[in-house]
Amino acid sequence: NSMVLPAALSPSPKVRGTHPDCSVVLHFQKREAECLERIRGESQTPALPGQEGCPTEWDGVSCWLALPLGQSRAVACPDIPHVFKKSKGLIQRNCTESGWSLPSPPYHSACQLEILGSNNDTEAKACHFVTMKVLYTCGYSTSLAALLLAIGIFSCFRKLHCTRNSIHIHFFTSFILRGTAVFIKDGVLFSDESIDHCTMSTVTCKAAIAFFQYSVLANFYWLLVEGLYLQTLLLLTFTCERSYTCGYTLVGWGVPMVTVGVWVLTRLRYDNHGCWDDYSSLYWWVIKAPILLAIFVNFLIFLNVTRMLAQKIRCPDLSRAHKQQYLRLTKSTLLLIPLFGVHYVVFALFPEHVGVDARLYFELVLGSYQGFLVALLYCFLNGEVQAEIRRNWGKWQRSMESNVFNLATQDFTA
């Protein structure tokens, strides 16, 4: 028998997916779709008399192209590094009068499987992810409660109404959106275990991912606004009464809106597969680049503000009260800028599949408590806020004591 070696022996292109397991599923689904398309094409052109043979067939692993009777075909093992070891062996099938013969040698013999983890390892990994989900759920819940309370405090007390605290409220709101987006994304993607997450591609799913990306972008850009406002105050030495609220709002909410809009249109036009939650696509840089830009600019602001602060504190003509004012103003923002940006820059320099566990821990578990930390620094530990709360608490107590005294007097005189 003559042997035909098809061009299919060349390594297949890698299929993008959200996870190595999904890459495997998508790889076989893509190959199957290509094979079925070829089978449909052949069915529309019936074979001529005397050209009987074996039609194209998909066996669940490989696509066996049509072959004349009495010939053989050989294919290589699927090129999937996470599943099969690199094997030089070929699988052969013959076209006989009764149809295709069985693969020889069988796939499990010719294509050696990578050593997979034991059931205990799988259970331990599942338990690890369940624990991580509980931790970040608690973290986001704590952050949401703290942020809502902080917004309530800034909104209720009239003396706290100013541009600085207005920016804080927007910053808090971006964290609330981020936490809400995480819960929405989990609800859409993982609410039903029967859903095939690798091939899920619904409008709801894509909308949840787009909302999540918007909230993350808004988070970083409102941190950038905090840095810009701080630098503006130091440069203008507290003498400028002009409000830049509209400009800050455009940066904080507008830039993320435009960026996500461009990303959505790009994905719809050029890369509309899956649920848009894969980070291996080149189009992910439409989101990633603006975040890195915001972090880079914030880092420059961090260095500049530190320099200006050092100069002002060393200035002998500056009073002690003004020095304390500068320190109070800058300590929260100077702490947040490196805290928010460093881990993102570190992970951005590596491919998405490197350090997955560490990335998940930082972004989900530790990241979930960032909102609580922001509320703590900007509101609960803010001396101005504490003084206003104490003042109103004392005023309320005196009012209650006065009311009780009046009631007691009325009862006595009655």
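Note: Cβ is positioned from N, Cα and C throughout, glycine not excepted.
Copied over from TrEMBL, here are the features:
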- 34-115: domain 'G-protein coupled receptors family 2 profile 1' (DOMAIN)
- 132-382: domain 'G-protein coupled receptors family 2 profile 2' (DOMAIN)
- 134-155: transmembrane segment (TRANSMEM)
- 167-184: transmembrane segment (TRANSMEM)
- 220-238: transmembrane segment (TRANSMEM)
- 250-270: transmembrane segment (TRANSMEM)
- 282-305: transmembrane segment (TRANSMEM)
- 326-349: transmembrane segment (TRANSMEM)
- 361-381: transmembrane segment (TRANSMEM)
Outside the transmembrane segment (250-270), six or more residues from its ends: residues with CB under 8 Å to it: 170-171, 174, 206, 210, 213-214, 217-218, 221-222, 224-225, 228, 276, 283, 286-287, 290
Recorded stretch that, among 134-155, 167-184, 220-238, has the most CB pairs under 8 Å to the transmembrane segment (361-381): 134-155
Spatial neighbours of the transmembrane segment (220-238) far in sequence, C-beta under 8 Å, 6+ residues away: 163-164, 167-168, 170-171, 174, 244, 248, 251-253, 255-256, 290-291, 294-295, 297-298, 301-302, 304-305, 308-309, 312, 325-326, 329-330, 333, 336-337, 340
